[in-house]
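Scroll down for the structure; my scribbles are underneath it.
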Amino acid sequence: MTTEDTFETAERAAAIAKAAALIESLPWLKTFHDRIIVVKFGGNAMVSEELQRTFAEDMVYLRYAGLLPVIVHGGGPQISAMLDRLGIQSEFRGGYRVTTPEAMEVVRMVLTGQINRDIVAAINKHGPLAAGLSGEDAALFQGRKRGAVVDGEAVDLGLVGDVIGVNPEAVLAQIDAGRIPVVSSIAPDIDEPGQSLNVNADAAAAALAVALRAAKLVILTDVAGLYSDWPNRDSLLSKITARELRELLPGLESGMIPKMAACLAAVDGGVEKAEIIDGRIEHSILLEVFTQSGIGTEVAPV
């Protein structure tokens, strides 16, 4: 066999492998065609330019493949960095960050004016596909102040809230127009008109997924998935039911509780499946949606 023959054989094998990968996605293309998938964008993927680029590519691929992606994002590290840059001291009470009116101005500026714009711009490099929204727009989210109890005493966290209602019309209008909605995790305070609240992006994504009757909620994290016995790496769970997660939730590492609670809220609210996946892996969304094995941890109703 000549060198040229060897090269052609290698090329043919590579082409066949690519075709096999495409065919593997066929059942999922059928399953999720014209279905909404809510993706919570966060973690290291938000601060790595390369991961931002591949995330944007994944969203564009989903849209052109006939799926209906919706993005919800937070921005804790970027908010902290901007507060430090502006010389605004962060206040903590019982381990919780207090969001003062001054800090809330920074939260709005960073989430809606910086991060949201950056995500939209990254997607729109591939065409006029993405449209930015704030949770304040058309009262998309409705929030109520959240308190905390520390050492038996009530603690005022300032302008921190929970999402207690969703008006999905603004998002649905963007979907109907063929766009990818990108939503920042801010909510108007229903008890104090004109006031905005900083809400947890995982919880906001779950609430929106329920309101949109999404087929799937995907939360990007900085770990491979849920571990039943962290830090034992062999305890990674590929799948867990809502009942099993409800039992496991109180004992989880604190950073995982909001994410897994969001997954639980989503499936309890009618979302068919929820996943946490490792956002540090390039094209992690495509690997999760379009491969048989998927990645991360899937939460199923039963």
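Backbone N, Cα and C atoms are what each Cβ position is placed from, and that goes for glycine too.
A quick note: this is a predicted structure, and the numbers were derived from the prediction, not measured.
So that you can see what the record holds, here are the features copied from Swiss-Prot:
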SITE      LYS40  site 'Transition state stabilizer'
BINDING   GLY75, GLY76, ARG97, ASN198  substrate binding site
SITE      LYS259  site 'Transition state stabilizer'
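Cβ crowding, taken as the number of other Cβ atoms within 10 Å, peaks at LYS40 among the recorded positions LYS40, ARG97, LYS259.
Around the Cβ of GLY75 (substrate binding site), a 10 Å sphere holds 24 further Cβ atoms from the protein chains shown. Cα of LYS259 (site 'Transition state stabilizer') to Cα of GLY76 (substrate binding site): a span of 14 Å. The Cβ neighbour count for ASN198 (substrate binding site), using a 10 Å radius and every protein chain shown, is 26. Comparing ARG97 (substrate binding site) with LYS40 (site 'Transition state stabilizer'), their Cα atoms are 21 Å apart once rounded. A distance of 11 Å separates the Cα atom of GLY75 (substrate binding site) from that of LYS40 (site 'Transition state stabilizer'). Classification of ASN198 (substrate binding site) by DSSP places it within a strand. When Cβ atoms from all protein chains are considered, those within 10 Å of GLY76 (substrate binding site) total 17, not counting its own. For the recorded substrate site, residues GLY75, GLY76, ARG97, ASN198 set the reference point as the centre of their Cβ atoms, and the other residues of that chain within 8 Å of it by Cβ are GLY74, ILE79, SER80, THR99, VAL107.
Reported as a whole number, the C-alpha separation between LYS40 (site 'Transition state stabilizer') and GLY76 (substrate binding site) equals 13 Å.
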